[in-house]
Amino acid sequence: MAAGIMSPARNCASMIGTAFLMVTILSVMAAGGVSALQTGFYATSCPNAEDTIYSTLQQLHANDADLPPVLLRLHFHDCFVRGCDGSVLLQGSGTERTAPPNARLEGFAAIDAAKAAVEKLCPGVVSCADILAFAARDSVKMVGGPGWAVPGGRRDGTVSLASEASSNLPGAQMDVNGLTSNFAKQGLTRDDMVILSGAHSIGEAACVHIDNRIYDYPSASGVDPLLPKDFAAKLKKKCSQRGLTNRKFDLDSGTSAVFDAQYYSNLAKRTGLLTSDQVLYEDARTRPLVLESTNKANFFPKFTQAMVKMSQISVLEGTQGQIRQRCGYVNK
């Protein structure tokens, strides 16, 4: 962000936004008893931690345009299995990384680089789980989205099971009932689910995840009739046969490199990619929030609040867990 003098109006808005975010954090703690994480957690123990993580990721992003959605997804997949404890980062046979839903997870090297950078500053202080949470925020900010204060103090878990990843992560073909139930297990509401789905403003999905919409839909053509004909043809041209895992399509067919509200406008035009995306518009219970979120002035504040809430799912604190020396391995 360029240095400069903030106007009184912007300063006031910033103060209101910060106060509102703090109320959200306290509300999460009170409602779910989830955690007592603190913003500015490393202000004394490692004051340059967050800046160092951001600058490290910025340098990597300069050579890898796909890094932001990769890191955002990595944090999500971490939090939905055992909570936000960095368990998705652990390597080895039978770990979360080996589960089918995590087969295409990337970004591990970037997290390792950020960890190495902060270890040089403050050895044994900053957890990998916190780095993931900071990286998710930084990724959104780097591609035009909002920034937000990320509460810190998570500790790293020592257990990672592929079976838990397979049973806890939401699927690309879920309807609103399935998605709502899945998110509720994590203490998240249906509105949280709709807003967090806006993370699909950036990133890609493998063609195999839309086979059910362009080849195997129960219609004479095999194509989901909700899809506009020109969009369906575009999808079939790119995803030219069933089962393609190495060919990908933008989740946001309009502005896939920018974090904005276009994802929701796409749903309203019925050009959402995944079943789990498009159902948010088709279901009368979630359509109003989809339409409201087509305006980023509505979407951005709700997204930052939902991300803070998600980042506090079942965290380890205090003396629980450990601070890993290397993110992929439990300390000896």
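Numbers run from 1 along the shown chain.
Glycine is no exception: its Cβ is also placed from the backbone N, Cα and C atoms.
Between Cys207 and the candidates Cys128, Cys239, TrEMBL annotates a single disulfide bond, the one to Cys239.
Of the listed cysteines (Cys84, Cys122, Cys128), only Cys122 is recorded by TrEMBL as the disulfide partner of Cys46.
Looking only at other Cβ atoms within 10 Å, the busiest spot among the disulfide-bonded residues Cys46, Cys79, Cys207, Cys327 turns out to be Cys79. The Ca(2+) 1 site, placed at the center of the C-beta atoms of Asp78, Val81, Gly83, Asp85, Ser87, Glu96, has further neighbours from the same chain whose C-beta lies within 8 angstroms: His77, Cys79, Phe80, Arg82, Cys84, Gly86, Val88, Gly157, Ser160. Taking CA atoms as the reference points, Asp78 (Ca(2+) 1 binding site) and Cys207 (disulfide bond) are 23 Å apart.
Taking all protein chains in view, 18 other C-beta atoms sit within 10 angstroms of the C-beta of Thr255 (Ca(2+) 2 binding site). The recorded positions recorded for this entry are Cys46, Arg73, Pro170, Asp252, Cys327, and the Cα of Cys327 lies nearest to that of Asp85 (Ca(2+) 1 binding site).
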